[in-house]
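The [4Fe-4S] cluster 2 binding site annotation in Swiss-Prot covers Cys86, Cys90, Cys93 and is backed by sequence analysis. Positions annotated as compositional bias 'Basic and acidic residues' by Swiss-Prot: 1-29. The domain 'Radical SAM core' annotation in Swiss-Prot covers 71-289 and is backed by sequence analysis. Per Swiss-Prot, region 'Disordered' is recorded for 1-32.
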Amino acid sequence: MIGKLVRDLKIPDQRHPEKAHRPDNDQPRKPSWIRVKAPTSEGYKETRDIIRGQKLATVCEEAGCPNVGECWGQGHATMMIMGEICTRGCTFCNVATGKPQALDAFEPGRVAHAVSQLGLKHVVVTSVDRDDLEDGGAEHFAQTIRAIRHRAQGTTVEVLVPDFLKCGPEALETVVAARPDVFNHNLETVPGLYPEVRPGARYFHSLRLLQRAKELDPQIFTKSGIMVGLGEDRQGVMQVMDDMRAAGVDFLTIGQYLQPTPKHHRVDRFVTPEEFASYEKAAYGKGFLMVSATPLTRSSYHAGEDFARLRAARLERLGA
């Protein structure tokens, strides 16, 4: 009930009390290449009903993803585990901040059941930050991966994890040992914007997390993403690409930042589709196996199709 109330609140000060002191930022009108249609399809409704029936949260809803109509219409959803309330207060994010509830021991099984009901070939599992937990929720991630493997055999699993900043190294080791097919952790923005955009995180810690995941399991695909339009410049984006490649990241996503409410970080500008195409070309030139760079790209957007292409790209490179 608490989660539903939080999700349904429309007043930014109530959903994001940590941002109440911030001055309002204007929300510029979105250009034509950003606008999407309201979700109305039967597929969308069926996906929604399965998610509701299993009492699950999705980042699609909690973060206000613009692609929810398209993805849910195709029966795809990104499961968000460990509750709907985050212990961090990143200025770009629309997920509610506050004191989370205790973990639900039955959630991994319900996620697996929903994956089976939806008939997913590839599933993305993410979470809120849980700095209140000793392991940051690592074991809960591992249990969810194992439950999906048991209930939906043949489904590939992608995890989008928090940074485990306040945990020991065993947290990351626990997740990687559960053998997800893709290990994703987003850097989100250039390091110079971290104090404003991602104040509870550390750029080089996140970078090392990605590098260490690859060291623990060289066969795992690693993935990371950033938003643009936050105030970064092209040189900064290029440096992040270089840092990711040095950490062994295989798959890069770049998407346009969209401001959830006036209390959130302002949109500095809308990056044009041509600029995104230029970023994609540059990223492939730096050696990424897979790149998705469009205004509406999000971490799990077209994740299933992209995983198939990612796997094919690795095989092609190994055969070259």
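For all residues, glycine too, the Cβ spot is worked out from N, Cα and C.
Shown here: features listed in Swiss-Prot, placed on the structure.
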residue: Cys86; record: [4Fe-4S] cluster 2 binding site; CB count, 10 Å: 23
residue: Cys90; record: [4Fe-4S] cluster 2 binding site; CB count, 10 Å: 22
residue: Cys93; record: [4Fe-4S] cluster 2 binding site; CB count, 10 Å: 23
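DSSP gives Cys86 ([4Fe-4S] cluster 2 binding site) a strand state. DSSP assigns Cys93 ([4Fe-4S] cluster 2 binding site) to coil in the three-state reduction, placing it in neither a helix nor a strand.
For the domain 'Radical SAM core' (71-289), the model's pLDDT averages out at 94.
Each of Arg88, Gly89, Phe92, Asn94, Val95, Thr97, Val128, Asp129 belongs to the same chain as Cys86, Cys90, Cys93, is absent from that list, and has a C-beta within 8 angstroms of the C-beta centroid marking the [4Fe-4S] cluster 2 site.
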